[in-house]
Amino acid sequence: MVFNYGYLTWEWTERLRGYTYPLIFASIYKILHLLGKDSVHLLIWIPRLAQALLSAIADLRLYSLMKQLENQQVAQWVFFCQLCSWFTWYCCTRTLTNTMETVLTIIALFYYPMEGSKSMNSVKYSSLVALAFIIRPTAVIPWIPLLFRHFWQEQRKLDLILHQFLPVGFVTLSLSLIIDRIFFGQWTLVQYNFLKFNVLQDLGSFYGSHPWHWYFSQGFPAVLGTHLPFFIHGCFLAPKRYRIFLVTVLWTLLVYSMLSHKEFRFIYPVLPFCMVFCGYSLNNLKTWKKPALSFLFLSNTLLALYTGLVHQRGTLDVMTNIQELSYNNTSVSSASVLMMMPCHSTPYYSHVHYPLPMRFLQCPPDLTGKTDYLVEADMFYLNPLKWLYMEFQNDSSLPTHLIIFSVLEEEISPFLISNNYERTAVFFHTHFPESRTGSHIYVYERKLKGKLNQR
C-alpha cells in the first residue's frame, strides 16, 4: 500500500521526492504487518513515537554538545530553552521531512569540529548532513556556512575533500539513486528535481507567496515566540566562536527569503542554533531570572498546548469518524467519501487503513506553463454548487459521505437537500476561520429514501 501512487502525492509521481524517507516508515509498517499488529491506531502512533524518540535523542545531543563547549550550567539553560519552545513541541512528533532535517542537523552538529568539542568527527557529521540532504535537499542551506568554515580552518584541505567529503557524498547519493531506481523503475536524481522545482523555477509560489521580508518580520519572530528577546540578548553575550551559529541563522533566513513560497516549518532547523544564544542569555541574567523563567515556561506551555491540542484539530478528529465508518459499518463496501476542502487538509489512507473509496480535491501545480491553469480545488471554489451538479449528474455516482468546512454549508445546501444528505457529525477545528477554512467540520451522509421515511 505504501508505494502505490494512489497513496502518495503528486510530488512522488513527478519525482520531486525520493523513497528514502518513506522507506523508513514503510519498514515499520511491514514489521507491524508481519507481527499481525498493523492496526490503524498503531499505524498512526508508531511513526509519531519514533519521530518523538529521534527528536529526544537530538535534544540530548544538543545538551551534551553545550556541556562540552561550555559547562553544565550553560548546557542546562540551552536545554531548558530547547525543551520549552512551543514550536519544538509543535513539530517534534510530526513526520515532516523538516522535522527529520532538524533532528539530523542537531546530531550532526554534535560531531562538527567546534573549538572545545570532544566528539568532533568529520565522517560522522558529513554523513548525517548528506543523509539530511537526501531526505530534503534544502537541508544543505544551513550547512553551507558551517562547511565553508570547516574547510577554511582545516589544514589538510585536500585530504578532507578526497578522503571524507567525496566518499561520504558518493555512498549516500548512490544509496538514494538505487532506492529510487527500484521504486521509480528508472534512474532518477530527485534531489536535482526538487531543487529545480523549488529553487531554480520557484514553482512553490503556486501554493502561496509572501514578501521577501516575511521571515524577518513574521516567520522568525513567530517561531521563536517569547524566546526572541532572550535570543537578541544572548547574541551580544555569547563568545565569538558562536558567531558561526548566528551567521548560519541569518544566512538561512536570507536564502529562504529569496524564495516566494514561505512557511514557518522551513526554518525549523535553525531553531536549535537560536537556543544556544537564548541559553546564554538566561545564564547571564543576574536579576529577574525567576520571573523570566516563569514567563518563558508559561507562555510557551500555553501556546504549545493550544496549537498541539486545540488549534486545527478537526481534520484529525474527522478521520476517526471515517475509521469508524470503515470498521463498524456493515455496508462499508458501498460507502465512499468526498472531502470538499482545500487540498491535503486531512490525512489520508494512513489514518484509515482500509480500502475505502476516498477522494479529495486535487491541487497539483502546472508543470506545462499554461497561463489559464486552474487546479480542481480552485475550479470547485469558483462555484461549488455548479461544480457539484456538473460532477454528479446521476445518483449512482454520488458519494455516501461528504466532508466539508462549515463555511461551505450554506452555499451548497440546495445540493445537500435535493440529494438527501443529512449532517451526522460536527467537529471543532479552529477559533480562527479563514476564507475556505471554517471553524467546524461537518460530515454529511446520504440517506436512502426508505430510511428517511422510516424516520
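Placed from the backbone N, Cα and C atoms, the Cβ positions cover glycine too.
Looking at 65-85, 212-232, 401-421, the range annotated in TrEMBL as transmembrane segment turns out to be 212-232. Note on TrEMBL: of 19-34, 99-114, the range annotated with the feature transmembrane segment is 99-114. Counting same-chain residues at least six beyond the ends of the transmembrane segment (292-309), those with a Cβ under 8 angstroms from any Cβ of the stretch are 80-81, 84-86, 89-90, 225-227, 230, 282, 285. With a cut-off of 8 Å on Cβ pairs spaced 6 or more residues apart, the transmembrane segment (160-179) and the transmembrane segment (126-148) reach 3 or more such pairs and are scored as touching. Long-range neighbours of the transmembrane segment (212-232) within the same chain, counting only residues 6 or more positions beyond its ends whose Cβ lies under 8 Å from a Cβ of the stretch, are 81, 85-87, 253, 256-258, 262-264, 267-268, 271, 274-275, 277-278, 281-282, 292, 295-296, 299-300, 303.
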